[in-house]
Amino acid sequence: MDFTEAYADTCSTVGLAAREGNVKVLRKLLKKGRSIDVADNRGWMPIHEAAYHNSVECMRLLIHADSSENYIKTKTFEGFCALHLAASQGHWKIIQILLEAGADPNATTLEETTPLFLGANVNCQALDKATPLFIAAQEGHTECVELLLSSGADPDLYCNEDNWQLPIHAAAQMGHTKILDLLIPLTDRVCDTEPNKVSPVYSAVFGGHEECLEMLLQSGYSPDAQMCLVFGFSSPLCMAFQKNCDFFGIVNILLKYGAQLNELHLAYCLKYERFSVFRYFLKKCCASTPWDHISEFINHAVKAQTKYKEWLPSLLLAGFDPLNLLCTSVPSLTHLCRLEIWSRLKLEHLQSDGFIRQLPLPRSLHDYLLYAEVLRMNEVPELAVIQDGEISETT
């Protein structure tokens, strides 16, 4: 006999009333003395029907009719008592009634399952929004991940306040390949390149796990992902520069799957003094085309100028036009105005700052015309001024 499927012709009239939550009919049947312990083909009695179908008033009537522990703790052929069935459906009011009536909270089924286990929410979240699936993926508990997934755990439930972190990120960052293999086909690809999300490719790079990275890329994740404001990188390749022992392996995998190179990657080469990689990247990208991030490149180039022999010849030979650098240093309008004013001064006015100080302008403009901010920036003492024939320091 099948203990999982209810046969209509095996359920008593009392059982049907409890299943349907029909209090009026159940009360009439009880007054007529109908039995409340007739089981169907699954071993389900009316108390089990009421518990499973959340028939609260019917449950109260049945317990009032027979409040003995034997009836309340009666089990089905699979070992489920009424408390098991109520917990499995999340019927908290039924659970409360049964516990107050003496139901055993630690009762077990034939498979040693307790009501607490059946009533647990597989998608419950901690204060930091971590789910059981996320924690299991993070800690590498493969069997727990399998059990949670088979029990309905949601792999697309965000596990942080910023709404980007998923169990797949935890598995990729921690290097749990078996778990990652389980999660890749189940996780929504909205995290791949969607703005304001973070691709798990970043997590694999951050953790330095080459095998996880290759698994993600093989399954179709983009090697360029999206700009990641969370980590402060424009691409996974930029993030790879923070890795030491894993750097070359990660970079080679990203390039193998088509990661796009640009001047930002060249800038990072200079920043981290990876000059051999700089020369290699130059062969992969065109240095003669217009650059979108040239100011950031120049910033790192200036800092690496003491080792210019390692990279500058290669850059020029790759077709980079040094005149392009001039386009990044266009003076501000205020500075151009300052130059225009100075160009109109007579020679005798240029010999001291006294003339500037006498102009009918605010003190701040006097300072600006005299390059005070430049002097302060470079810690150069301001020139002495002559007032009434006496030398004094500027204040």
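Here the Cβ of each residue, glycine as well, is placed from N, Cα and C on the backbone.
A TrEMBL annotation is a machine prediction, not a hand-curated record.
Per TrEMBL, the features are as follows:
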type: REPEAT; residues: 9-41; note: repeat 'ANK'
type: REPEAT; residues: 78-110; note: repeat 'ANK'
type: REPEAT; residues: 128-160; note: repeat 'ANK'
type: DOMAIN; residues: 322-375; note: domain 'SOCS box'
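If you look at the repeat 'ANK' (128-160), the same-chain residues 6 or more away from its ends with a CB under 8 A from one of its CBs are 122, 166-168, 170-171, 174, 176, 178-179, 182-183, 186-188. Note on the repeat 'ANK' (9-41): mean pLDDT across this stretch is 93. For the repeat 'ANK' (78-110), residue counts in helix, strand and coil come to 17 helix, 0 strand, 16 coil, using DSSP. Residues in the repeat 'ANK' (9-41) partition by DSSP class (helix H, G, I; strand E, B; coil) as 19 helix, 0 strand, 14 coil.
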